[in-house]
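Here TrEMBL flags N9, W10, K11, G173, S212, G233, G234 as substrate binding site. The annotation active site, electrophile is assigned in TrEMBL to H95. The active site, proton acceptor feature in TrEMBL is assigned to E167.
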Amino acid sequence: MRRPLVAGNWKMNGSLESVRSLLDGIGRGVGDVKSAEVAVCPPYIYLPEVEKLLSGSDIAWGGQDLSTESSGAYTGEVAASMLNDFGCKYVIVGHSERRTYHAESDQLVAKKYAVARAAGLVPILCIGETLEEREAGTTNEVVARQLDAVIALEGVDALAHGVIAYEPVWAIGTGKTATPDQAQEVHAFIRSRVAEKSSEVAEGLRILYGGSMKPGNAAELIGKSDIDGGLIGGASLTAEDFLGICTAAD
Ligand code: PEP
């Protein structure tokens, strides 16, 4: 039985004040969430505050990215050990915004996955196709390539220590959601791809859906057999919407 996970990706949003009030709102409602796991991924700069406010709660937290390097002359980068210093459980790797705006390759993302794992963090590996790729009928090819980069570097067992987020790029922040059937089809493909190497790893692997998930569509998406929760962008910025999705995942 895979425990559903709902993780909020706050991206580069918020202020110290809004972080406090958002966590206060989530904290007030999260007690009603019984079986799903809940996590938030704030901008790095707010991690000390998030740690202070969430320590001892049932809500986990994580980074939105990390460096492949452990320390040194890498201006602007943040190491895995630094995420550990502030109690992170999770770290997102390979988000499409990193792949697009920072030219992160499949190989770099795989390295980040490996570095996160080695540091004891749980990587949330984002994979997904663009609209052009979907229209060209290459969705499976694209997600397989992104997934295989991690398996090639680390072996399939590495996936036993991580989470996958299937995020069709055309659905992120656009208000266009993949239909539950469209999402389920790709999730089933991802699981079957992993099962070719290890049925045990595939069975235990949590595969989240991400892309304009909201309280109104979450239950139907997460109700699909291979969808194990959500990675939430926009709707994770208001406590009511985020909690609505957490409740749906329950
Ligand atoms: C995301 O960026 O991971 C995401 C899913 O964003 P949104 O929910 O806003 O589409």
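Cβ coordinates come from backbone N, Cα and C, glycine included.
Of the listed recorded positions K11, H95, the Cβ environment within 10 Å is emptiest of other Cβ atoms at K11.
Within 8 A of the CB centroid of the substrate site residues N9, W10, K11, G173, S212, G233, G234, the other residues of that chain are N13, I172, I232, A235, S236, L237. Spacing of G234 (substrate binding site) relative to E167 (active site, proton acceptor) is 14 Å (Cα to Cα, whole number). Secondary structure at G234 (substrate binding site), as computed by DSSP, is helix.
Of the listed binding-site residues, namely G173, G233, G234, the sparsest Cβ surroundings within 10 Å are found at G173. When the alpha carbons of S212 (substrate binding site) and E167 (active site, proton acceptor) are compared, the span between them is 9 angstrom. Taking the C-alpha positions, the distance from W10 (substrate binding site) to H95 (active site, electrophile) comes to 12 Å. Each of the binding-site residues N9, S212 was assessed for Cβ neighbours inside 10 Å, and the highest tally belongs to N9. Annotated pair the residue listed as 'active site, proton acceptor' and N9 (substrate binding site), C-alpha to C-alpha distance, rounded: 12 Å.
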